[in-house]
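Q: Not my notes, these are from TrEMBL:
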TRANSMEM  6-23  transmembrane segment
TRANSMEM  35-56  transmembrane segment
TRANSMEM  68-86  transmembrane segment
TRANSMEM  98-122  transmembrane segment
TRANSMEM  134-155  transmembrane segment
TRANSMEM  167-188  transmembrane segment
TRANSMEM  219-238  transmembrane segment
TRANSMEM  245-263  transmembrane segment
TRANSMEM  269-289  transmembrane segment
TRANSMEM  296-319  transmembrane segment
TRANSMEM  325-344  transmembrane segment
TRANSMEM  356-378  transmembrane segment
Amino acid sequence: MPLNPDILASLIVALTVFFVLKINKVRNRIVEGILNWFPAILFAYVIPAGFTHLFGWDLSGVYLHSLSRNWIIPITLLSVMAALPIKQLAIVGVKPLILFFAGSLFIATLPVVLVAISVGVSPEASSVFLDNDYWKGLVPIVGGWIGGSTSQLILKELAQTPENIFLSVLVLDNILVNIWTILMFQFIKKGEELSKLVGIKDSLPINLEGVDQGSGKKIYPLVISLIFLSLAGISFLLELSFLNLVIILSILGILLGNLIPSWNTRFSLQLGGICIVLVMAILGLRLDFSNLTLPWIFVAIVICWLILHFMGMLLVSWLLRLNFIWVPIASMANLGGISTAPAVTAAYRKDLMPHAVLLAILSMVTGTGWGMLTIYLFNQF
């Protein structure tokens, strides 16, 4: 190894973060097409692994890993959780919120039900999910679908998902979510027509205004950074368990973002985005490209899981007599996140985009909690 391992790892991670942040800003049809199917966040995971695999370097024990767990992940969690505007959720309405939470509940519980059924009828499933711990690969999917990259990373740590399973899951997850986005683009155009066919006469809101992000002077980014750094430092000194750390910092983040009128939500989100890339790049240093495969039964369960999630949301929407338009909006807020949810919504009505954004933000900050429920249920086996 030509350099000190810690220096080498830092250089690789810095190069990776720079590349990922830059490529996200490129406006080129070919590049954008590639990123639609292989998102930049996945490059953050694969590039460091490519270096270590190509040159045979072992960077699994460098200091960056403890730095990430003790400092960067807590700051990421605080940044994301501080971006939830609780007061603004009122514009969404009660029924769409019920539908959204029902979708989240289906995502969190269906994998446990499907694995329980498959284990009961197939010895192979028992070997795959229980003996070989492939259930730990389903937990980050819950976080990725509901909460996004931050929840995915935290739940990977909580479930102790092996690196090779985690990367395979990331690839599968990305493919399915892209296909799902295309399907939701089509469904939302037919939603109102289908609602009328089943006798639902729920009307959509009219002339919705954009979400008010507040005005006036915001807290300086440096001050917010120091607040997050101080809280991360205190949590480190208290030597909290990772689970308690997640719970406490999540609550603190929500309180900061909602109790301080001049809170800089935009910077908080930007900082969270950078930290997510940083954490992924550091994780990539440990990745081993061998055995990057998933058993067919794992893939089949994930596909069934996705379909049943949608069917469950249709049923809830019908029971609530809620316009079917909300199903793809709520589904993409759960699965797609803050970028694809409003994009799908805009294909039908642009004035509903604030609803989609707020549901996506709510998804982003609740994903970890739902994933913890999934872990608890799996541990009852």
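Yeah, the Cβs are placed from backbone N, Cα and C, and that goes for glycine too.
A TrEMBL annotation is a machine prediction, not a hand-curated record.
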Q: Quickly jot the same-chain residues contacting the transmembrane segment (245-263) by Cβ under 8 Å, restricted to those at least six beyond its ends, or write none.
A: 74, 77-87, 154, 158, 214, 216-219, 224, 227, 231, 235, 365, 368-369, 372
Q: Taking residues 6+ outside the transmembrane segment (134-155), which of them lie with a CB under 8 Å of any CB in it?
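A: 41, 73, 76-77, 80, 104, 107-108, 111, 115, 128, 161-162, 165-166, 168-170, 173, 177, 246, 272, 276, 279-280, 283, 294-295, 298, 301-302, 334-335, 337-338, 363-368, 370-372, 374-375, 378, 381.
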Q: Residue list, the transmembrane segment (167-188) vs rest of chain: Cβ under 8 Å, 6 or more residues beyond ends.
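A: Residues packing against the transmembrane segment (167-188) from afar: 36-39, 42, 45-46, 49, 137-138, 140-141, 144-145, 161, 287, 292-294, 299, 302-303, 306, 325, 327-329, 331-332, 335-336, 340, 343-345, 347-348.
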Q: Which one, 6-23, 68-86, 269-289, has the most C-beta pairs under 8 Å toward the transmembrane segment (35-56)?
A: 269-289
Q: Taking the transmembrane segment (6-23) as the reference, which of 68-86, 98-122, 269-289, 296-319, 356-378 gives the largest number of Cβ pairs under 8 angstroms?
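A: Against the transmembrane segment (6-23), the leading stretch is 269-289.
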Q: Between the transmembrane segment (269-289) and the transmembrane segment (68-86), are there three or more CB pairs that fall under 8 A, provided the residues in each pair are separated by 6 or more in sequence?
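A: As far as Cβ distances go (cut-off 8 Å, pairs 6 or more apart), the transmembrane segment (68-86) and the transmembrane segment (269-289) touch.
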